[in-house]
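Worksheet for the structure shown next.
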């Protein structure tokens, strides 16, 4: 295998490894979100578009070199095609993991808010029942029946 195809294979195997690493089930989306927000990753994102374009140009040049080499040897083109869009797959996967972490955090916040509202409503209903009983007893009609709201 020539040097250019070794470089292409190394690049593609590294991408496959990164995709599989991002899909590991025992690492939560919240953990990935913390990793993505780290200073090192934010530095990589700052230069990410430039690196992405450079890698695409290198892969296209390697692809063109393989096509020319195959045409010279009479192979009629490439034996296999590389697909440089796999970088966009990594970008999309990172975006989806980040969105999942954000949605998980917001749903947890909404759940806690709903539990708090439910507890407050229950407490207000108990206070309301207690006030009704006190008002019933204050009127002096304690012997004529049960206070309202009780059976």
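Cβ coordinates are placed from backbone N, Cα and C, and glycine is handled just like the others.
Annotations in TrEMBL come from automatic prediction, not curation.
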Could you tell me which of the ranges 6-28, 75-97 is annotated in TrEMBL as transmembrane segment? 6-28
The DSSP breakdown of the domain 'BAP29/BAP31 transmembrane' (1-64) into helix, strand and coil residues is 53 helix, 0 strand, 11 coil
